[in-house]
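> Copying in the features that TrEMBL gives for the protein in this structure:
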{"type": "TRANSMEM", "residues": "43-63", "note": "transmembrane segment"}
{"type": "TRANSMEM", "residues": "75-96", "note": "transmembrane segment"}
{"type": "TRANSMEM", "residues": "108-130", "note": "transmembrane segment"}
{"type": "TRANSMEM", "residues": "136-157", "note": "transmembrane segment"}
{"type": "TRANSMEM", "residues": "178-200", "note": "transmembrane segment"}
């Protein structure tokens, strides 16, 4: 059942939306429907949406100063964190554009480019661990800081959809949103799939559900039996 659910979810997340495609059949249609109300919110609604999205940037500002590799508390550290975010977004844009242009005719070249990007990120990560003594706690803090920042940028892009579309960045916004949905799907499916590997979990679940249903049915049968017992007992007394 979990494999079937995973297959259906992958089809849903990868299906393209459009006219006539329901949100139950495509993630793209569901996502467009989720922020469709912003098109009719007016200027005040859009400004309010942008101001509410700024809370994620404040969250990032508070976390970047808890890194062990940042000894000083200057505002430059916050600026460097934004440079890292912009670099990641530019790389995502480059990979997305390369997938559209190179994956069909130059598949080997596209794989080499992706491999080079992965090796570069790995080298930077190792360098940060060796030279500034970056710890596992720093890695977790960076994830907790940058993930909400990307979500805040995504909310602002949804609020400014006409401007983003005219600038030609709406495809990148959609790719970023799909990436967040994939991460959430993996976080939900992984523990469920892990528990499904063990047979005692399903047996325990079956026993628990059966016991609840059995006890509930037993209580109902007692109530019904008590109601039926009254007339019979009165007839016997007569």
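In case you wondered, yes, glycine gets a Cβ from its N, Cα and C as well.
Burial and contacts for the listed features, if you can.
Residues 78, 81, 141, 144-146, 148-149, 151-153, 155-156, 158-160 of the same chain sit 6 or more residues outside the transmembrane segment (43-63) yet have a Cβ under 8 Å from a Cβ within it.
Sequence-distant neighbours of the transmembrane segment (178-200) (same chain, 6+ residues past either end, Cβ-Cβ under 8 Å): 2, 5-6, 9, 13, 27, 31, 92, 150-151, 154.
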> In the same chain, which residue numbers or ranges, 6 or more beyond the ends of the transmembrane segment (75-96), come under 8 angstroms Cβ to Cβ?
60-61, 64-65, 113-114, 117, 145-146, 149-150, 153, 169, 171-172, 175-176, 179
